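To keep things clear, I will list the structure first and then write my remarks on it.
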Amino acid sequence: MTTHPNTPPKEETPESRGWLREHSELGVGLMLLVLGILVLTDALTMDVDITQRGPVGPKTVPIAVGIGLLVVAVLLSLDVLRGGRGEAEGGEDIDLSEPSDWRTVLLLAGVFLGNAVLIGPLGFPISGALLFWGSAYALGSRHLRRDPLIAAGLSLVTYFIFNNLLGVPLPGGPLMGVI
Amino acid sequence: MDSLNSLMDGFGTALTPINLLWAAIGVLLGTAIGVLPGIGPAMAVALLLPVTYGLEPTGAFIMFAGIYYGAMFGGSTTSILLNTPGESAAVVAAIEGNPMAKAGRGAQALAAAAGGHFVGGMIGTILLVVLAPTVASLAVDIGAPDYFAIMVLAFIAVTSVLGSSRIRGLASLLIGLTIGLVGLDQMTGQQRLTFGSLQLADGIDVVIVAVGLFAIGEALWVAAHLRRSSGEPVPVGRPWLGKDDVRRTWKPWLRGPVIGFPFGAIPAGGAEIPTFLSYVTEKRLSKHKDEFGKGAIEGVAGPESAASASAAGTLVSMLTLGLPTTAVAAVMLAAFQQYGIQPGPLLFERESELVWGLIASLFVGMVLLLALNLPLAPVWVKLLRIPRPYLYAGILFFAAVGAYAVGGEALDLVILLIIGLIGFGMRRYGLPVLPAVIGVILGPAAEQQLRRALQISDGSATGLVDTPFSVAVYAVVVLIVCWPLVRKVLARRRKETKVSA
């Protein structure tokens, strides 16, 4: 995929780097390609002889989807090399003129993962409050008293609505054990 | 008159105190969501999908429909006062509404929009009452090949009508279909794409996919590009219309549904195209052409009426054929699946109480919305003051609650984040989200119908096209696929005739 005739020579690192950044959408094509190979491998290694019922077995659709992914991966990459670009999505709170703020995104993802790890041992009321506070902090809120209060209130109210009113169980954790 | 009787029964369902409460919660939430930036009706319904675990279906759908209609109302408020449309259907309202607000006629613009939503929603819902049972009875004998054809139509329509790039739409659809494949094959129990994991064998719950793509993906994407300074809304009083304004708005109100309703029913991207078409029509028909662009009230009234009517049209296809034509309809379809209800022609027979209760609640919701929005518009605008960090932290918070409620598994939260990151990447590179969601929701069902159809025909591909209905649907599919080609040929021919003349 990288052996396109237009690929600049490797020595000029600054330029080839700029080229890569300009064509970062090729990564989408690559991802689709990997996904396609994954789906096809899974489908072709499937062991179906006993369970087959009807002319179309469990393999057919995955094979079709896998081939589709490969075809789209190639077509999308060609489109990008020809100068096609996917338009980044706009929105009312979105300012596309600024470069992507990766720090915030990574922080948010980290806080979210933290919630996934902590929800078991600490229970939802605590991990949920940390999730809200952490996210608000990552997004730039710096009210050291107001933020945790809102987070704790929201988390407790949500816990009671889901757990007690809607009948959707959430883990209470040690905190609810005390109360 | 059969449907009139059913509708009366429906009002019996919708007017019970508990269902009235759900309708009120729905329209309140819907209006708030319409006003709030960054959160649309599809995300809202996705975030609320977990309530389907605790709530009976009638109440849940009454609430979801209230959100859908309410978001239309609320969206135009931000368009008019802030020039930032709360959701895509309200883009056109900003063109005339915002200049009106700046010229001190914000109250009239809001009233014209609210009136348009009320009239458009009413007419659209009446058309729904008249048409839906007929469509359902026409389609009542459809079998596996026909269902498969409808789903193919949905796949093709969302990938080629929406967005600017077909190839990116197709990529999105295939990602969705792949996610839909994960788990046990429904017919043979064969494991697919599970990599030996027991948790993946259950498949990835559609709630997690919808919440991940709509809520987490959106919140992360906004976080990466958060606008640090947001505009101030134009201050406004209580909406009202003078005699002159009424004279100018009633015709656009009535014309809106004619454009909006049919466009809502077909998979053509929801309310965006009809609102724009309505705008152009009103501009052409108006006696005040010079005012257009500077704040013509017709340009608010018509498109807003078309937007609400298109929501009713969307419900026709969703309820009678199980064909989702917008993101909200797709998520509502997912809610039907959560309850194990198959929307389609038989819905009106099997779940008649649910369907008619839902339709009757639309009328109730519309009245509630008018009562809520006319006097309270200035109050709603205050919602815009909510600090953005809280808004997006709240979205992440409720997304986590929803995903965890699915099965009480911490692993679901990790999957949710991964799907959210996929949604982030899709927004970055212009891959539309809707095809992926439709792929996840309809993919497994489409595969099942395909295999059933081929089982009946003993493997012969003719089994897919042996009914007039399926042939007709495939004809539409071919038309959509070939449309760009046809248009090119037509344009060339027109050019040639111009040159020769």
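Yeah, the Cβs are placed from backbone N, Cα and C, and that goes for glycine too.
According to TrEMBL, the feature transmembrane segment maps to B:20-49 (among others). Residues 14, 59-60, 62-78, 84, 86-88, 90, 207, 210-211, 214-215, 218-219, 222, 230, 326-328, 330-332, 334-335, 338, 361, 364-365, 368-369, 372-373, 380-381, 383-384, 386, 388, 391-392, 395, 398-399, 402 of the same chain sit 6 or more residues outside the transmembrane segment (B:20-49) yet have a Cβ under 8 Å from a Cβ within it.
Taken from TrEMBL, the feature domain 'DUF112' applies to B:20-437.
Same-chain residues lying 6 or more positions outside the transmembrane segment (B:61-82) and placing a CB less than 8 Å from one of its CB atoms are 14, 19, 22-37, 40-41, 44-45, 48, 51, 89-91, 93-94, 97-98, 100-101, 106, 109-110, 113-114, 117, 121, 231-234, 236, 271, 300, 304, 307-308, 311, 315, 328, 332, 335, 354, 357-358, 361-362, 365-366, 368-369, 372-373, 377, 380-381, 384. According to TrEMBL, the transmembrane segment annotation covers B:61-82 (among others).
Feature annotation from TrEMBL assigns transmembrane segment to B:118-140 (among others).
According to TrEMBL, the transmembrane segment annotation covers B:147-164 (among others).
Residues or ranges marked as transmembrane segment by TrEMBL: B:170-188 (among others). Counting residues 6+ beyond its ends, the transmembrane segment (B:170-188) has Cβ neighbours under 8 Å at 155, 158-159, 194, 200-204, 209, 419, 422, 426, 431-441, 443-444, 447-448, 451 in the same chain.
Sequence annotations record features per position, and here TrEMBL assigns transmembrane segment to B:200-224 (among others).
The transmembrane segment feature in TrEMBL is assigned to B:311-333 (among others).
Residues of the same chain lying 6 or more positions beyond the ends of the transmembrane segment (B:354-377) and with a Cβ under 8 Å from any Cβ of it are 6-7, 9-11, 13-15, 19-20, 22-24, 26-28, 31, 57-58, 61-62, 65-66, 69-70, 73-74, 77, 110-111, 114, 117-118, 121-122, 125, 128-129, 132, 236, 238-239, 312, 315, 319, 341, 347-348. The annotation transmembrane segment is assigned in TrEMBL to B:354-377 (among others).
Sequence annotations record features per position, and here TrEMBL assigns transmembrane segment to B:389-422 (among others). Long-range contacts of the transmembrane segment (B:389-422) within its own chain (CB-CB distance under 8 A, at least 6 residues past either end) are made by residues 36-39, 43, 46-50, 53, 175, 179, 199, 202, 204-205, 207-209, 211-213, 215-220, 222-223, 226.
Annotation comment: TrEMBL describes B:467-486 (among others) as transmembrane segment.
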Checklist entry - Is the transmembrane segment (B:118-140) packed against any residues at least 6 beyond its ends, judged by a Cβ distance under 8 Å, and which are they? => result 2-4, 6-7, 69, 72, 146, 253-254, 256-257, 260-261, 264, 304-313, 315-316, 319-321, 344-349, 359, 362-363, 366, 369-370, 469
Checklist outcome for this item: Spatial neighbours of the transmembrane segment (B:200-224) not adjacent in sequence (6+ beyond its ends, CB under 8 Å) are 38-40, 42-43, 46-47, 49-50, 176, 179, 182-184, 191, 193-194, 327, 330-331, 334, 337-338, 392, 395-396, 398-399, 402-403, 406-407, 412, 415-424, 426-428, 433, 436-437, 440-441, 444
Item to check | Average pLDDT across the domain 'DUF112' (B:20-437), rounded to a whole number | outcome: 85
